[in-house]
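To keep things clear, I will list the structure first and then write my remarks on it.
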Amino acid sequence: MTLWELFVAAILGIVEGLTEYAPVSSTGHMIIVDDIWLKSSNLMSEEAANSFKVVIQLGSILAVAIVFKDRILNLLGLKKNITSDQEQGHKLSIAQIAVGLVPAAVLGFLFEDYIDEYLFSVKTVAIGLIAGAILMLFADWVNKRKTATDTLDRISYKQAIAVGLFQCLSLWPGFSRSGSTISGGVILGLNHRAAADFTFIMAMPIMMGASFLSLVKHWDSLSSDLMPFFIVGFICAFVVALFVVRFFLRLINKIKLVPFAIYRIILGVILLLIMM
């Protein structure tokens, strides 16, 4: 394992950590970076590259689990009231998270092979980036015209299910899970922070499940020679995601979704021009 290969692992881990939970599409960015670094450089087989992506995604998942550790313990009944809303009898439940997960989980299971075969390209990512940006701009426009639910514990079952339906849009590479669900939550009456909190918590089980299935699928591609590459990528993804998630949650109610939408449109247009 050369220093150059470890540098590539670090870059890929950083890209994953920066984009996994920001509403800019980590899958889209990884497809772009994959074309530039992994495939063009022939660093590893396609199977091994897929396993690497799963490993660095697990680094990002661990970061979010740490940020939301109190909430997770509360959901599991291991920690009592952590907010004033819970003192008043309002509380986000595991059932609400579950109903939010169902739509995307079912569609993802049914169309996984089709999505992998036909939608994982730079062109489809560019389309997803622009389409998702339009949804985000619409969400911010709607948000200015209604009073929003400002805490996670006041989310209704109806809102949880509807946000889950919006998550189905993220099955299109480039659309972004957080972009679609935060936008959906805002359109449905949540403020940006509550929508982001629900998005990140809801993402953990579905991402862990998908990562586990993918890791099992590509298990034969793992080898001891690649372990340093995988470890560097995992650590970089974890550290960067830990910083990004905390920073994003602190600012999202102030900056809204417009800056991310502008970035997505610019990147999407550039990619489409390159593909012409």
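Here the Cβ of each residue, glycine as well, is placed from N, Cα and C on the backbone.
What Swiss-Prot says about this protein:
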TRANSMEM  48-68  transmembrane segment
TRANSMEM  92-112  transmembrane segment
TRANSMEM  119-139  transmembrane segment
TRANSMEM  155-175  transmembrane segment
TRANSMEM  196-216  transmembrane segment
TRANSMEM  225-245  transmembrane segment
TRANSMEM  255-275  transmembrane segment
_With CB pairs under 8 Å as the measure, which of the listed stretches 48-68, 155-175, 225-245, 255-275 comes out on top against the transmembrane segment (92-112)?_
155-175
*Given the transmembrane segment (48-68), which of the listed stretches 119-139, 155-175, 196-216, 225-245, 255-275 has the most Cβ pairs that are under 8 Å apart from it?*
225-245
_the transmembrane segment (196-216) touching the transmembrane segment (119-139) per 3+ Cβ pairs under 8 Å rule_ = no
*Residues of the parent chain within Cβ reach of the transmembrane segment (255-275), under 8 Å, 6 or more residues beyond its termini*: 22-25, 32, 122-123, 125-130, 132-134, 136-137, 139-140, 143, 174, 179, 182-183, 186, 192
